[in-house]
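Straight from Swiss-Prot, the features:
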- Cys2, Cys5, Cys7: Ni(2+) 1 binding site (BINDING)
- Cys167, His168, Cys199: Ni(2+) 2 binding site (BINDING)
- Cys167, His168, Cys199: Zn(2+) binding site (BINDING)
- 31-57: compositional bias 'Basic and acidic residues' (COMPBIAS)
- 18-57: region 'Disordered' (REGION)
- 107-268: region 'G-domain' (REGION)
Amino acid sequence: MCTVCGCGTSAIEGHTHEVGDDGHGHHHHDGHHDHDHDHDHHRGDHEHDDHHHAEDGSVHYSKGIAGVHVPGMSQERIIQVEKDILSKNDAYAAENRRHFERQGVFALNFVSSPGSGKTSLLVRTIKDLKDRLSISVIEGDQQTSNDAARIRETGARAIQINTGKGCHLDAHMVGHAVEDLAPEPGSALFIENVGNLVCPAAFDLGEAHKVVVLSVTEGEDKPLKYPDMFAAADLMILNKADLLPHLDFNTGFCIANALRVNPRLQTLTVSARTGEGMEAFYAWLEVSAARRAIRSKVA
């Protein structure tokens, strides 16, 4: 949906302007969400080419060629608007990626539902790796700077992006935040996206990898319900493993569902609270960062 309607304005901590303001000295020049809002409203007619009634009574609004329904917009118009928005975002993402590669910054985009334990995972990681890896963080939420404050309590540098009515970060926002945060060369940058398993899947931020965090309290079928996110990710972290003795949750079934969506997906089971399984994540982090550094040097 965000790829066709756009999202609300955003604010980066310490700034009074809106992201995309031409007055900012950032290397990104155009406002990200300045796409055409001519929604081709119909004159009372009601098209049915974008949804399907299944035999079980459910209604599917993903059966049109655009894969999504927007009132008053034809499927062809939806596709065009989506292309316009994503092409702008991809250009900003490519610029971010080039910057990260020049600086040797290893950027990860953490995505999940609200309450999966992303922030707790980052806090634990920063504390445990403080003598092994320099880490800075970009936090994304609709409102408050609570998560950035939690990160700063670890001693790490963090900046908060508030997206307002927007439900995901985009590459333009991240580019501004990176300019202000200025991650150290050779460091890791953790980008904690807005809690949402839908919209962030389509938006490349320039990261090396998307990491999807799934709490064991969410259900084994979550990868099948929200396939785009799991298809876009390189690593799935099953968090809150300390709760498994108290839940009717089949870890193997959940992983199998995720691999049905994305056969190349790597998976880890951890508890950010107790530390169980975290060393495996740290090993993945260090190996992935080293591989990325080698590829950057070769390129």
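Using the three backbone atoms N, Cα and C, a Cβ is placed for every residue, glycine included.
All features noted in Swiss-Prot, drawn onto the structure.
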residue: Cys167; record: Ni(2+) 2 binding site; CB count, 10 Å: 19
residue: His168; record: Ni(2+) 2 binding site; CB count, 10 Å: 22
residue: Cys199; record: Ni(2+) 2 binding site; CB count, 10 Å: 21
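Computed over the region 'G-domain' (107-268), the whole-number mean pLDDT of the model equals 97. The DSSP secondary structure for Cys167 (Ni(2+) 2 binding site) is coil.
In the three-state DSSP scheme, Cys199 (Ni(2+) 2 binding site) is classed as helix.
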